[in-house]
Structures are given as structure tokens and as C-alpha cells.
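Engineer: Okay, so Swiss-Prot annotates it like this:
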MOD_RES   Cys252  cysteine sulfenic acid (-SOH)
REPEAT    109-199  repeat 'Solcar 2'
REPEAT    208-293  repeat 'Solcar 3'
TRANSMEM  11-32  transmembrane segment
TRANSMEM  74-96  transmembrane segment
TRANSMEM  115-131  transmembrane segment
TRANSMEM  177-193  transmembrane segment
TRANSMEM  211-230  transmembrane segment
TRANSMEM  265-287  transmembrane segment
Amino acid sequence: MVGHAATDVPPTMAVKIFSAGVAACVADIITFPLDTAKVRLQIQGECLTSSAFRYKGVLGTIITLAKTEGPVKLYSGLPAGLQRQISFASLRIGLYDTVQEFFTTGKEASLGSKISAGLTTGGVAVFIGQPTEVVKVRLQAQSHLHGPKPRYTGTYNAYRIIATTEGLTGLWKGTTPNLTRNVIINCTELVTYDLMKEALVKNKLLADDVPCHFVSAVVAGFCTTVLSSPVDVVKTRFVNSSPGQYTSVPNCAMMMLTREGPSAFFKGFVPSFLRLGSWNIIMFVCFEQLKRELMKSRQAMDCAT
């Protein structure tokens, strides 16, 4: 990411990867209930049993889940979520600057090099982290009160059952929509954040510090949610589906369109934005500060020796 103060030491690749992983895990822990609410809203419409609860809005979904299934249910799938951030966010965010430098031919990084870096790191991270995404979504989606009997008792039980009943390919189910979603998210999120931060710093509107990171993260979160929401909903439905429910990703999208209309593609938009916006703020602020502090500590240790 652009901008280092004169006294700052540019962070190493290892520092960036570590900082991205830690910052993403912190953000996930804080915002996970919003993500669970988003998943429940996105799959609403699939379960047509009379006993199924109807979720209304973000707060209503969170309250309903807490009352009917217990507050702990809001964090169902968190271990898989943290595994996902360690394997996924650490790479897509931590490697972004390094890959961007690879695509940069001139003195300054162009928009094309930023987009290429976002495409590359996002794509690589999806293939590595997809099994954690499948398990996370399925644990968040299953209810103990209505619909089909819960398929999994926990994170590692889910990995085992999916691998034994659906094969290893089951752990990579939904890779295509998730790849599309995360290419959009990675490019929009990182490129928008990078451009916004660069504009604020270069025009001397804000210094390269917490307020600048906060504003840049909010703008990046909104733009990302608008562009990624339709793909995100299809991805969630397809990943959570039972074997044979949908024949393909396009079939899933078409069934959503014919049964529920175009608005189905924006189900859970508000929790998506609240989650992604707040996640971006926490992650980027922690990421930037952690990078800076780690390099200061390293510099102090080098001076001491």
C-alpha cells in the first residue's frame, strides 16, 4: 500500500503476510455475527417448511438467532473462518504490494498493475482457502430448529464428512463462483483502498495514519459490496446446497431468478455492507498499524545489535 513516513522502514513480505493474517482474524472475530446473519438471509427462500423462521433485517436476524438457537450460534463456523483468513487473507492482502511491483514497469504503479495484482493474489488465495470457505458457510447455514437435520457437529467433523461423502472435490465445491466473487472483491477492495489512500495522502487531505485508513476502508467496503453481492449470494447458495440440488452454478442462479426474482441476488446486502465495511475498517487499520509497529521493533532490535 502506498505511503510511508520518512522515518518508516518499508515492511518486508513476511511482515505483510503475518500482519494481514492477524488483522483479518481480529476483524473476523469482531464481525462474525454479521457474516452469519448475512448467510442466513442469503439462503432464506430455499427452506420452504412451515416451521422455518423468517428473518427480517440484520438486527432482527441476529436477535432471532440468539433467542432461538443461542448466542453461540452467531459464531458457528468461526474456527473455519479463522482458518480461512490465515490461509486466504494473509496471501491476497499480504502479497498484493509484492505482486503489484512485479507488474509495474514504470516508476509509479499504474491502475492496470494494481488490478493485475488484485486478480493474481485473489485467484491464488481462493484455490488454497476454498475448503475453509465451504465448511464455514455450511456451519453458519445449518439450523438445529428447522429444515433438514444438521449435517455436522463441528468444524473438523464437517471437513471429514464432506471429504468422505462428497470426495475431495466437495471441499472445493463452489470454487468458480467464489473465484469470481473474490476476484471482484480483491480488485475492488484493495485497488479502491489503494487509490483512495493515495489520493488523500498526495493531495494532503489526510496524513498516512488512522483517519486516512478509516476513510479509505469505508469507501472500499461500499464499492466492493455493490459489485460483489450478486455473485456472493449465488456462491453461498451453491456451496450450502445438498448434492444434486443444483446441477451447476448457472443453474443455481437461474433457479434463484425464476423462483425469487432479481432481488434475490441482493439478499443480505445490508449485513454484507455492514460486515464488509466494518471488517475493512478493522482489518486495514490493524494491518497498517501492525506493519508499522513490527518494522519499528525490528529497526530497534537492529540498532541495539
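Each residue's number is its place along the chain shown, starting with 1.
Each residue, glycine too, has its Cβ placed from N, Cα and C.
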Engineer: Please give the sequence-distant neighbours of the transmembrane segment (115-131): residues at least 6 beyond its ends with Cβ less than 8 Å from one of its Cβ atoms.
Structural biologist: 84, 87-89, 91-93, 95-97, 99-100, 102-103, 159, 171-172, 174-175, 178-179, 182-183, 185-191
Engineer: Near Cys252 (cysteine sulfenic acid (-SOH)), which residues of its chain come within a Cβ-Cβ distance under 8 Å, counting only those 6 or more away in sequence?
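Structural biologist: Spatial neighbours, sequence-distant, of Cys252 (cysteine sulfenic acid (-SOH)): Val234, Arg237, Phe238, Ser241, Tyr246.
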Engineer: Need one number: mean pLDDT over the repeat 'Solcar 3' (208-293).
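Structural biologist: The predicted confidence over the repeat 'Solcar 3' (208-293), as a mean pLDDT, is 88.
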